[in-house]
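First up is the structure itself, then whatever we jot down about it.
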Amino acid sequence: ISPPVMHLSPGQLKVVLILALLQELQVKPQRNVFQELLEKDLRLCPACFPDQREHCEDFFRKISEPSDWSRLMKAVSLLFDRRMVYFVELKEEDQVTQLVAKRKHIDQWKVNSKDLENEFLELKERLGGFHLCRTYPRKPRFVSYLEQRGHASASVWFYMMHYVSPLLMQELYSLDFPVPRTFASCGLTHFQSYAGRSLTHYVQAEEDLRLKLAIQLLQLALKLTVGFSDFRIYLTDFTADNLAYDEASRKVIVIDLDSVVLVDAQSTLGQVQKYEPLPGEGFTFDVSALCSGQQLDANVYQACLLVRDVLLKNVDNKRLQLLLEQCVWCQDDLCDMRFQKAYDLIKLLDS
């Protein structure tokens, strides 16, 4: 007699597969994962995150636990992609908020907080990273500014060295810049509000919406250049992938601030300058040029490039296309500075 055959429905097979893989991969509850990462960071640099434990542990308790299937898929993805980005639901009373948790991986097992200042000041230019224009021989005013805002000194140097987004995003949000709200910074894991889909999803959207997005990009470029407290912000990743559109608020949001050059305008003697593109595709730049003047129109150049080549490349408007060309190339006989071209474009797009 043949043994009985067990027939499982597709749904039952899925459950069996999940349970088997969960056991194999030892997938942990998500809040436990974040707790363990925080403990790891506290061991990495005990002096760098002195006041985070209590707030973060309370925050972790408010995180809604995702389904086994979602946790499984995240565990599997981490086997192939080491970028640690989690989509998280925060539950407070009757309200659920969608968040994104981003974690920066660094190849160190111990950081001496006493060495952070010298290590940062001795850093050479980092492509795609954070660069604070030097103000030798004195302590950078940006560090003093953050300390006055309540940040611990070791924490400031650590984040500037390894992961500036948590530090800069929290400050810019409080000053009404279009960045996600920070809900918690827990060591090297940063929890920010979900800002919507990136602008790459809107390149084929209705023309009226794309015109409005273009206005906001130009306004953003000007706002970053003005900066705050005499600090100029040059975003070196002014791309459609690093910008999102929040459909609820109808705002363009900068979703990552790791690639930034920050200039202390009080420490430079230069004047307003025109950005001169270097050979190569996209935005190519020389940090020394960004650091040399009071105001450089590099943000406006990038905004015009993004609008011309991505958002509005198929719009049939000769005046608009001419202004965008002039803004991108800004030849001396037709263009003194790109700032005026940005204002002209905003006026045209808004008419």
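The first residue you see is number 1, and the count goes up from there.
Glycine is treated like the rest: Cβ placed from N, Cα and C.
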Among 99-126, 127-154, 183-210, TrEMBL marks as coiled coil the stretch 99-126
How about long-range neighbours of the coiled coil (99-126): same chain, 6 or more residues beyond its ends, C-beta under 8 Å?
34, 37, 43-48, 82, 84-90, 132, 134, 154, 157-158, 160-163, 165, 180, 183, 188-195, 255-256, 287
I'd like to know the mean pLDDT over the coiled coil (99-126).
89
